């Protein structure tokens with residue numbers, strides 16, 4: 001037991017310590033710092049990239065999310081934003097760029113073409129970037145507005161703040177890795193889509 005001597009009207013040592021110390025878990029502190037310091041690496045392929053470039057203008061103030069510094073190399077980035085149509089010949093370079101990013105790393109799929117192939121249901125277009133990359137947030141639209149990308153950043157920040165991945169990464173053969181099921185969401189929901197026999201009235205919603 002320790003004793004301290006002070007004036008009766010002086011502030012208690014416990015109160016002084018509470019005012020000058022911050023108590024938190026290390027996982028939460030690391031997640032908080034990472035969610036407010038995203039370093040994006042943009043991979044623009046078609047018209048969705050125009051909307052993404054618009055989101056970088058001062059009108060939308062992407063600096064509010066700590067993601068205004070676009071990196072020129074994937075080795076300095078932890079967020080990959082794929083915007084536009086991903087052709088099969090571009091899938092390999094895109095995967096190489098993703099593999100050069102350090103863990104932890106996140107992926108945003110922006111636009112209908114990146115999400116599911118969009119209107120291009122043909123042999124030369126990848127039907128969803130999630131068939132070879134683990135996507136964290138999907139941004140719908142053709143093309144999506146810059147506000148949709150801002151919402152995606154907010155969703156990604158909330159995901160980063162709650163996940164325990166920053167300090168609990170599973171080690172793979174070549175370095176840190178995380179589980180990834182290479183089944184596109186479009187294929188996973190195919191049976192449910194094919195079972196639909198009646199479409200909802202858009203005027204009723």
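Keep in mind that glycine also has a Cβ here, set from the backbone N, Cα and C atoms.
Some features that Swiss-Prot has for this protein:
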BINDING   47, 48, 113, 142  [4Fe-4S] cluster binding site
CB-centroid shell, 8 A cutoff, [4Fe-4S] cluster site 47, 48, 113, 142, site residues removed: 46, 83, 84, 85, 111, 112, 114, 118, 141, 143, 144
Under 8 Å by Cβ from residue 142 ([4Fe-4S] cluster binding site), counting only residues of that chain that are 6 or more apart: 111, 112, 113, 118, 119
CB contacts for residue 47 ([4Fe-4S] cluster binding site) [other CB atoms within 10 A, all chains]: 14
Neighbour count (Cβ, 10 Å) for residue 113 ([4Fe-4S] cluster binding site): 28
